[in-house]
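Quick look at what TrEMBL lists:
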| type | residues | note |
| --- | --- | --- |
| ACT_SITE | 121 | active site, charge relay system |
| ACT_SITE | 196 | active site, charge relay system |
| ACT_SITE | 220 | active site, acyl-ester intermediate |
| DOMAIN | 64-550 | domain 'Amidase' |
């Protein structure tokens, strides 16, 4: 293992190619940075490291730290509504037990996440806590076991503070699709936090917990991270066990994580990643200590990214992307160049094919996965005269509109006579997307793009005015219809209506189709709210290159000057 100072040189080797017409990026300032608060002076600092040092030095107790976070949660939760369930009493008991073990001299008590409060998306099973998937059909359901990712967090000393809100079964990108409540964005409580992991992103942004778990099927970690100004990581498919994650689309679902810094996110990934015998799709590839490979910027050379080749995806900066977002991403590209990297535009011709293919595949898998919620094995059961009526009424009353529509879409796509026209062709498109990424990542160490084409929008804005969403996505859908030429267009039309109502998936679904890792780091602000609205930069890597993404993200994060991604909500407390 090379010494830490050279960790940044471990980026994958690159092939030098001719670069005609290379474009350089000029930094563009959007708005003044948000006012800093005492919680985040300058570059993002590691909350996990701070907690660990406080416990080891005896400066603070786990009970004090837990009380501080719970107090902030109680004060902010009435307006933010990140959590469906808060286990405050259990969290306090676990913190006090940790303090007793530390006082007794138990050296094993201070694990890598000792005293760290974690929020868990409510589609991950947690023993002795409600696990609803954001759906009425599972209201009151309490699993007898923890999801593997949750179990590993607990074994590392983490304290699960509660279950965070989400769009029902992860189907949506605003968290307005929850059956229980609408979560707001800590930067502006009139705006959405993104979704479907909006509760997890909002909770970290509002410092209601230290870190959180989410899931990403088509951007559900990365888009909320951008909207809420936090770090979000979607690992490689198979890097983290899916055991205990409520299945939406099994070939796309990935457990991801949020933190207020890259270091914290890396620490969480090191704990939850790794093979699990309970998940046959989990990878047996070794898991490095990602956080130990992150080096302080002042210990690196003046051009710490020297030799790194980065491709900025041309298709993600064109029509449909807000001017302020495009300016922030170009400014981030310029900043990466100043750090020594070579940044060039790269075109992925199959990029626009991904979104419709994603909807067909995800809906088809959902129609199968969600058949288990029949009112007998799980969840709400209604009174009925016969079995068919019991199934029908239980699902009709327990499942929301969006979920039912996607089930119908998926069932249609898989039906006799339509399988080849829809599902098979969507799988062929998926192969094209994978090959496109593979070719690009053979030329570049990583690819970058906006994490979302806009900043957080107003609550109700996209649901109440679906044409506004439609305008941004219709060309993406229509440009792909030729590929499904002999198919009945009614399904694609229904699919586009779902996009219009809930989703701006942009380039994110392509990353899921290809099974690649992606990291989102805050990179700037655009006008909106009281102090500007955050913009996230997405970094995409080759399979199992999370370490590379985290190292570059850590250097980028540390080198941002005069930017504090702490929402104004916290300055008011």
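Glycine is no exception: its Cβ is also placed from the backbone N, Cα and C atoms.
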Limited to the domain 'Amidase' (64-550), I'd like the whole-number average of pLDDT. 90
Express the distance between the Cα positions of residue 220 (active site, acyl-ester intermediate) and residue 121 (active site, charge relay system) as a whole number of Å. 11
If one looks at the chain holding residue 121 (active site, charge relay system), which residues at least 6 apart in sequence have a CB under 8 angstroms from its CB? 163, 164, 166, 197, 199, 200, 212, 213, 214, 215
